[in-house]
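TrEMBL has this to say about the protein:
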DOMAIN    1-324  domain 'Major facilitator superfamily (MFS) profile'
TRANSMEM  20-39  transmembrane segment
TRANSMEM  51-71  transmembrane segment
TRANSMEM  132-156  transmembrane segment
TRANSMEM  168-190  transmembrane segment
TRANSMEM  197-219  transmembrane segment
TRANSMEM  231-252  transmembrane segment
TRANSMEM  273-293  transmembrane segment
TRANSMEM  299-320  transmembrane segment
Amino acid sequence: AVPLFLSEIAPTRIRGGLNILFQLNVTIGILFANLVNYGTAKITGGWGWRLSLGLAGIPALLLTVGALLVVDSPNSLIERGRLDEGKAVLRKIRGTDKIEPEFLELVEASRIAKEVKHPFRNLLKRRNRPQLVIAVALQIFQQFTGINAIMFYAPVLFNTLGFGNDASLYSAVITGAVNVLSTVVSIYSVDKVGRRVLLLEAGVQMFISQVIIAIILAFKVKDHSDDLHKGFAILVVVLICTFVSAFAWSWGPLGWLIPSETFPLETRSAGQSVTVCVNLLFTFVIAQAFLSMLCHFKYGIFLFFSGWVLIMSIFALFLIPETKNIPIEEMTERVWKQHWFWKRFMDDDEVAAVTNGDIAKKNGHANGFDPTSQL
């Protein structure tokens, strides 16, 4: 719900940066979790893991209190018929009384959305296919970059490289810090350089990093190696951090941002639900499969993920449109109907509109009635 909420309340010019603040806080949470694990692992007696799990109650409490304090988005209020409240919230979050044009756009979008009785069924319609395909593909690709495999099992991975238990946790903290700092880069750049530039640049960076890691491990780590030469071990950590940084300013936050801003209002909640479900499904798949894949593929695991990075970069190059600085309500006209490939899925809408208009005119004139008189 968070990316969806942020996209609905954010001014268009800073929508990307504001939305990625969500991802920034996720990465900060990951870093703190690694620091807590690092500290509790040193507690003698072996009960540190209980403290680690128990401390998770603190952010849970903060989330609960925050949920009681946060207001509904103007879109949500208007869609439920609470127009005055929606206008008041919109005026408050914009900080100005000049909100009438935006308010009327939201009211009209809500009117159209209410005509849709089955949003999940509507998602499958031809005109919604571009948004659905891109949202699902982004979640699958996000997991097949290998990021969760690396972040979940960084201690195991670094231990395999010969860092030892303490050093492996320390290395995981390093990758967590890189994750946070790189997400800050995304906040400042996403609304300036655009979504596509970040996706494509990161694709190149992740691909090169993984291929070099695979080469080093192929030649320097054998089945019974106790450790990796110190110089090569440091290089692998640097390359992993290079990979994490690229993900953190691109496919990580943008995997949530792009779906939240591209679905039309009538299918936005349903679309975001599908997005989250696909993400968690493939997070589960990769988490379950990674250790077995690491044992069987060995260094080839990085070649496996780099192959996916290449595929998703090609997908981004040809099929993901630029959405920066475009109001959500104007996505269909300014993005999908202008895209070289996706515009063909918008044709049936236009044909239907023309057909319905012609029928209305014929019926109107046949009854001695001019339909334009009602406009």
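From the backbone N, Cα and C atoms, a Cβ is placed for every residue, glycine too.
Listed by sequence, the residues of this chain that lie at least six past the ends of the transmembrane segment (51-71) yet keep a Cβ under 8 A from its Cβ atoms are 5, 29, 36-37, 40, 43, 89, 92.
The transmembrane segment (231-252) and the transmembrane segment (197-219) are in contact, since at least 3 Cβ pairs between them lie under 8 Å (pairs 6 or more apart in sequence).
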